[in-house]
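S.K.: Sending over a structure as structure tokens; questions will come in a sec.
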Amino acid sequence: MDESHIRNFAIIAHIDHGKSTLADRLIEECNGLDEREMKDQVLDSMDIERERGITIKAQTVRLAYKAKDGQTYYLNLMDTPGHVDFSYEVSRSLAACEGSLLIVDSSQGVEAQTLANVYKAIDSNHEIIPVLNKIDLASSDPDKVKLQIEDMIGIDASESLLVSAKSGIGIQDVLEAIVSRLPAPSGKSENPLKAILVDTWYDTYLGIVILLRIKDGVIRKGMKIVMMSNNAVYQVDNVGIFTPHKKVVDQLSVGEIGFITASIKELSDCKVGDTITEEQRRCSEPLPGFRTIHPVVFCSIFPNEAGEFERLREALKKLQLNDASFTFEIEVSNALGYGFRCGFLGMLHLEVIQERLEREFNLDLTATAPGVIYQVTTRSGDVRKVHNPHDFGESQDIANIKEPWICATIMVPDQYLGVIMSLCNNKRGEKLDLSYSGNTALLKYRLPLSEVVFDFYDRIKSMSKGYASLDWEMDEYLDSEIAKLSILINSEPVDALACIIHKSKVEQRGREICLRLKDLIPRQQYKIAIQAAVGGRIVARETISPYRKDVTAKLYGGDVTRRMKLLEKQKKGKKRLRSIGNVNVPHNAFIQALKIID
């Protein structure tokens, strides 16, 4: 294929600005699917994406477009997620493309994630075409949004395209702009094969499928390929493209994006960002690859049935193949048994992974309280990264604790600025900058990550009636007053309920958990003490009263000493029972108690 007739582009935007709808219209215009197969969010293949109305996985499709110059061009479209938790998917898509369509809602204007994604595109040396969507809305104001793009992003918006993805207005102009304004890929077909591994996933029938972008050379069926990170050699079984259906082709050449299968059994051989080359003619050096993304939110996931542990392990492996930013390792809990400590990019990422495990693999799971990574320095001078309360150690052995802080960018209409700033201050935030573009405030705050990952995004949305937007990036580790809150039942610590929180919140959190457990744990024959402790200090306590058996019911008067003797005997029995008996805490009580921690 002549690479001058190929255009690789990503669609980037803030969440809900119409990326997937525009992708639908482009597919429709290029006759990628017939009318019977067309549906909304056609590239969002997971049920969870359709239900939530969001894109989670970046998707690709090749379209054939006959332009006004009479030539047929092949457009490789990559639809990307808009939520901050899935920004890694955006980065990978941009690495496979030469240009981007920047979609901005003409009624909402530039939002925080718009800025974050467009800066990624600029860093990738992309040609950017601004597209103002939803121009058919009464509240649309294209001129104001053009000024906002130039003012806040710093790119020329005078030739922005005006479209309505929903009604199909301006779609032809978008296709012509892609052909005329975006560059063709560079590279030479006669060079040794050099391809970047963009994504991987597991297919029940094909095994591991690899999505790749050819930078140099050609890949075809039967060719022996090498993964340059570990020199693993495989023979290509199939080569294909997405139209958006899978379509097998003879070969992929320079500039093309497609998939291969090669009977790959080892999940560890498929590293996203790896360079793939030919065994006979290896390329001289690998491609730069992608920046390594490290998880920032951690929680433990346990199967509710002990026999499901191996199924959970296999499910996690398959999901990790499809999502390189997700990590897991085995963990053992006294209360919940065998499970895994998992790492995520944010709370939405956590929710999506848990929901996919339950839906796609039919698993019944319990998740513990989410937490972040702390930097703990012991009195002996050792520095450890800790995200599991179990590894936190005793307070008397700790010299210093640092917690991760982030730099948050919040865009908010000025009438909601006051409540948003109050929220940031309540979350221990430090204001860095405040600027305006029209009646929109651009607010920059430094905040502890632990305060942001739980409910911060939801609260910003609710306080601003949905108009505020948030983007954030990791900043640095700073000294902090952090403590491990332990929950004890009859003086025995319950590891599954321990959490790491700021010292200012230990009493409130401890009281909430103790009260919840008091309602959930059934009464026993003896008194049960539920305590929340920091080190050796008890910060909250609740007591569950015992059942009382009336041992004096059979007495008919007589000497009072007989009555006292029976009561004393009962008291000793209960004391002995309390010292040797384990409190039977129902599994459901753990699940309900963990909800309060969330």
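The backbone N, Cα and C atoms fix where each Cβ goes, glycine too.
Note that the structure is predicted; figures quoted are calculated from it, not measured.
This is the feature table in Swiss-Prot:
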type: BINDING; residues: D16, H17, G18, K19, S20, T21, N133, K134, I135, D136; note: GTP binding site
type: DOMAIN; residues: 4-186; note: domain 'tr-type G'
S.K.: Per 10 Å Cβ neighbour count, which of the binding-site residues S20, N133 ranks highest?
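M.R.: By the 10 Å Cβ neighbour count, N133 comes out on top.
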S.K.: List, in sequence order, the same-chain residues at least six positions removed whose CB sits under 8 Å from that of G18 (GTP binding site)?
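M.R.: Spatial neighbours, sequence-distant, of G18 (GTP binding site): I103, D105, N133, K134, A165, K166.
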S.K.: If you count the C-beta atoms lying within 10 Å of each candidate's C-beta, which of the binding-site residues D16, I135 ends up with the smallest number?
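M.R.: If we count Cβ atoms within 10 Å for the binding-site residues D16, I135, the smallest count is at D16.
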S.K.: Within the domain 'tr-type G' (4-186) only, compute the mean pLDDT.
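M.R.: Across the domain 'tr-type G' (4-186), the average pLDDT comes out at 79.
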